[in-house]
Amino acid sequence: MHERSLPASPNWYCSRCSDVNGSGLLGVGAKNIIFLIDVSASSCRVTGELVGHRDLVSGFSFCQHAGQSHICVSSSNDGTVRFWDSDSKVLIREQAAHQVTVHWSPVDKNLVVSGDEKGIVVCHWYHTGDTASFFPEPRTIFCISCSPHTWSSVAVGYKDGMIVLIDVSKKGEVTHRLRGHDDEIHSLAWSPLVSEDALCSRLEDIEATSGVSAGDEKGCYLASGSKDQTLRIWSSAKGKSVMTLKLPYLKKRGSAVDPGVKERLWLHVHWPKGRPTQLVSSCFGGELVMWDLTRTGKQRWTLFGTSSEGQNHSRIIFNMSSVRLQDDRELLISTSMDREIKCWDLASLDCCWTLPTLGGFVYALSFSPVGTGCLALGVGDSMIRVWNTLTTQNQYDTRSFWQGIKSKVTALAWHPKKEGSLSFGTDDGKVGIYEVFSNRPPQISSSYHKKTVYTLAWGPPVPPMSFGAAGGKPFHSLYSCAGEGIILQHDPSKLNGEASDIDKLIRDTNNIKHKLSPHTDLSWKPDGKVVAIGNEDGCVEVYEAPSLRLLCSIQQHHKIINALRWHPDLDSPPELRCLLASGSSNATVYVHDLRSVIENPPEVPAVLTEPYRRLCGHTSKITGMAWSPHHEARLVTVSYDGTAQVWDVLQEAAVSNYRGHVGYLLCVDWSPVDPDVIWTGGKDFTLQEWRVSKQEFTKPPKGKKMVDLKEKMKTNSKQKKKNKKAPGGGGAAAPAANGEHVAGGGKALTGQELSGEDEEDEVRSTNSPVPPSATFELQRKSFTAMKSKDKPGTHFKSLKCMYVNCILKIFCNCKGVSLCVRVSPDLNLLKKKKPRSMLPISTSMDHRPKEDLLQDCVTLASVRHDTGKTPSAAFREHIHLGLFSDRQALYRMFEAEGEGHVEAGHYDSVVYLRLWSGDLEGALQLAVEKGELSDHLLSIAPMAGFEVWSRTVEAFVKQLCLQEQYLKAASHLLSLNKLYEAVGLLRSHKLYREAIALVKARLPADEPVLKELYTSWAATLEKDGHFSAAAKCYLAAGASFDAAKVIARKNDVPSLRTAASLARISGEDALARSLALRCAKDLVAAEDWITAQDVLSSQESLLVSGEKILERTKTFPVQLYSSLHLTRAVLSWLLGDDGQLIKELWQAVAWLRDAGHFRVSADVCSRKHSKVLHHAEEEPQAAAKSLQAFVHYHRLYEHWWSNSIQIQSGVPLPAAGPGDEAQGEALNGDASVEGVSPASCEKLDFDASALLSERHAACQAAQRSVGEIQERLAAMVLKHSRAQGGQLDPGENEADAQSSASGENKADAQNPTSPSLPVNDSLSVSSQMYPHPDVVECCLVLLHLRRSSPSVLETLRQKAKDLLRQYGTDASAFKASQHCMNQ
């Protein structure tokens, strides 16, 4: 195959489009081809391609398992996943899956996972060919990565920033959803280490907060890169992010910050094997950075390529892959938007080599005649490459030039004498000169071509430019030929001056009056004496310099000239120096010997019709050629047939044929140093170097095109004979004849497709700035439109039949359908197909056979010069010639054309014909009848009068209504001042928004129709469920009640609340109360107490109801939790767990006690038996004692209340617990017991001594003391803050602050387990966890009962007094105790 090659640029914006296997074979997806590149530490070499995909390659991956590393898989936008053998370069299997990314599992050698933009993940099993599809998330997949440790674990990155870990062994079950990125995920990379221990030192601060070490759970780290400019390290075991790395912005030296750089970011990450603490990522401007994940501080990264300038990429990087070679060197391969593939040494972080790639067609290539081995490439990616092909250090030593180009480079030409001076031409008509050995921008000619520049050539100057000579040094002019068919002469020293068109000199010198044929190519003879110019008509003209006198005209080609080349003069015999080779679109190369014409110029230009040599073999048009500088009369040509052919011209023999390209070739040049080496470039975005002696084939492949063309010519000749013999006029004969003709044309089209001539020039590729619609063709394009090759087979006597047949032929040829059908079905299709011309009869008659067209010319000339007969009478039999005669003949042609249009249903064409004839009213009437009125006709209707215009507008309104263009119809009614009709039209078709806008813009605000529109629109919206919009309509119509009702129909909390507010604002108080109450009930059911209170507070009449509702529902959660603990207590009892039973019983009572439900708590305590309150362990024992104390506490109060009822009948029981009110009564001694018989009171039936615990009394007294101290400190702090000033907010209420501080201190004092209070050494921790009733309070109650109940023993009374004297030290307790002790 080829020796060296520059491949196509890797595809952009693909997460995994390149990969390298263990043997150092790199696969890169470029366009629809996969290029295979053998990489090493010192160099690289393109070894082959995998060709088969029909669209852009979107993913590529090698199998990394031993014995199977030559197998690879690719995905493409053509909807297929293909398995390849990279050794034999053949396709193994193809599966239709429409995938955009693919990855071969590093663990399972048979598993391949792919995903697409719809979110579908597909598992492909290589050994069986089976597939399994999963749909984990309905999101667009950007990248996929299989775990290197667990075969079933796959990470999927999505466009919206989500990362999902799935288990393919469990039908794609999602194991973790990793949220943290804000934008699309560009790349995923698993850690090469199976555990999560490698980063423990770095993450110990993170793990310390969670209390779990990194090694406690099995998992693997996952790295992700996102467009949000961050890298994240994830723990697959915990499913969360453990590290976030912000991408550094590295400003390049001497360049300003580009604000668009961050928007074009593509962040790829790669975790090299054997480096669990090092991660490689791309950066903003094409830099590569190595992250040390164990390092702390701001700069945790190291930049690649710092040892010398220019090592890094210049634009963003898309893919990276690494390989460890046999010499234990680890290489990293990167692909970038700068169209370069770079190899890096991971040990030194230096660039080993750079492989340039091409992002467009290779349109031109040329070796410098001065700098040996310096090859220039003109590429469709708007850049010029200059490659030093003879360097020994860097095999791909190239420089890129892009400044001042901004378009495809389609032509190149080195200066024949000046080293480094390279001229270029572009697709947009620009011509310039680059000095490739300097850093200066190019010189651009001020004279632009209108179309693509095809050819550039250096030659001697011709008038009117006068260069002269300075110091004996000859000067050269630069000539450019472009698609508009002209050749411009540019002064290279004054490119800002105007270039001259050499056609003027040619006309003046050769006294030519007629128009010159457009030029398509030119070539100066190496000695500069003559120039050959190729033309669009296939003619080659040879002119003598400097006057450009025409020497000869070569009339051999019949198609456009694409290439001209003179045989080189160096070391060539004289008889070969005048050989001129020419190639055109007819696939044949002609060689002409012009020695006699050049050495002995004739007085009259000679016409040559026979070539010196004819080279036949190519099957498609010739695009380029080059003579060998090493051999005599050896020529190489390239063609659209995709091959390069080497010829022995003198023997007319094919020497060698090269078939290494995919697609057609565009340029060729012979190596200046190696006689056996040729360079070619073409459509496949590649430049290839190959040897003539190593080619397997000698001649180009036999294509079907020539065979099909011959068959077509035979078919056409037979058909013409049949048409001449067949009588004209049969309506059924026409489709059969045309059918045969089109069938032949279809075969020819198939041949063209097989030869590649008419296929799409460029595959759609994200890496090519060249749009497919603007492809370059070396076939020179003409100014004029291309002539149609379609010829009807018969001449019709009837004009109508001829018209129908013409339209049938045109329609079917455009659509590609067969004409072997009946006429009537096609006529139905014709009504929807516009004719090509307003005058199809005249047009079709111009496409008849050549003999008929010539006869028309004779007829027209005879009539115009026959004075005895008027033209209108003479042309009655030749209606189609009315266009070239008088007005009457033209009118008759219009009538015939109109009948044909009516027959085909093209009434609009008939209208325009009448309009052109001056019958405006008739044209409008016909358009009204046929429904063909248009804005244009309506605009010219006033020319026929006001009444005609009014009727036309009304008819147009009806037509628009039938076409459902109601807005346009209403606008036209306004032009007639019919406002109400326009509003009615809009309303009848439910265009209420537009109707209301029209009324409000044109009518008063109190217009009754406006309220009707609002009401009707509201009813429609309400019916469709758009309640908010309907409410706005009701409000605009003044129906506030209806607005509130319609909003409340949604029946959710926001709607009810809004409806209540709307009703209250509108004065609908009854409705507002009803809606607010409904909303509050829903909020209470949802336990949203604050919002319910806000809703009710907005309605003054519902404040009492709100309090009742909240009071009624407040006990529900307390009872719920208390019931839960009681249920747990029963379960503990059934399980025999006495300790848990005691604790759950205590919790049930504590919930009720803390919530203030004293009666419920007392009822629960009354059902507990003291025998269960015993346990051996400390905590359950403390809970049992606390629960027993609270049982006695409740019984104490029951005894007190029962005595009070007996003494004072009719007094109701207290509604609340004894916390404040009951204690206050006892303290103040309000319950009088005078006149009560002691015998009538009940005796104590419990041991009250359990309530008089001195240890708990001491602890409670200490807590009260601490609370008092905290209150005093709070007051002091508040006073100090007020004295200092500025410590409190201006709007803060000092009294509120003081009261809140004291309230907090009281709460802390009452809580025995508050962490801010000191721990009592006399009580255990368990005893403090389960508090005791207030001992001072119990003492006061017992002393109070002593006065009425003899059951209170004297010992209890004395102990209560002792405890009060010692611990009742606060003011209120002291006062009450003095009262009790005195009595």
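Any Cβ shown, glycine's included, is placed from N, Cα and C.
Where the annotation comes from TrEMBL, it is an automatic prediction and has not been curated.
Not measured: the values here are computed from a predicted model.
Here the repeat 'WD' (50-94) has, by DSSP, the following mix of helix, strand and coil residues: 0 helix, 25 strand, 20 coil. Feature annotation from TrEMBL assigns repeat 'WD' to 50-94 (among others).
The domain 'Gem-associated protein 5 first beta-propeller' annotation in TrEMBL covers 109-197.
Summarising the annotation, TrEMBL assigns repeat 'WD' to 221-244 (among others). Note: the repeat 'WD' (221-244) comprises 0 helix, 17 strand, 7 coil (DSSP; helix = H, G, I, strand = E, B).
The domain 'Gem-associated protein 5 second beta-propeller' annotation in TrEMBL covers 372-683.
With a cut-off of 8 Å between Cβ atoms, the residues of this chain six or more beyond the repeat 'WD' (615-657) that come close are 559, 562-563, 565-568, 570, 572-573, 576, 579, 581, 583-591, 663-670, 672, 675, 678, 680, 682, 690, 692-693, 695, 697-703, 705-706, 755-757, 778-779. Sequence annotations record features per position, and here TrEMBL assigns repeat 'WD' to 615-657 (among others).
Here the repeat 'WD' (658-700) is broken down by DSSP into helix, strand and coil counts: 3 helix, 19 strand, 21 coil. Residues annotated as repeat 'WD' in TrEMBL: 658-700 (among others).
For 696-778 (among others), the entry in TrEMBL reads region 'Disordered'.
If you look up TrEMBL, you'll see 715-725 marked as compositional bias 'Basic residues'.
Residues annotated as domain 'Gem-associated protein 5 TPR' in TrEMBL: 881-1089.
Here TrEMBL flags 1120-1368 as domain 'Gem-associated protein 5 RBS'.
The region 'Disordered' annotation in TrEMBL covers 1212-1233 (among others).
Feature annotation from TrEMBL assigns region 'Disordered' to 1282-1325 (among others).
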Non-local residues, at least 6 beyond the ends, that sit with Cβ under 8 Å of the repeat 'WD' (658-700): 1-9, 30-31, 33, 49, 51, 357-367, 369, 372-373, 375, 377-378, 380, 389-390, 617-620, 623-631, 636-646, 756-757, 761-762, 768, 776, 778
Average pLDDT across the domain 'Gem-associated protein 5 RBS' (1120-1368), rounded to a whole number: 64
Secondary structure content, the repeat 'WD' (615-657) (per DSSP, counts of residues): 0 helix, 23 strand, 20 coil
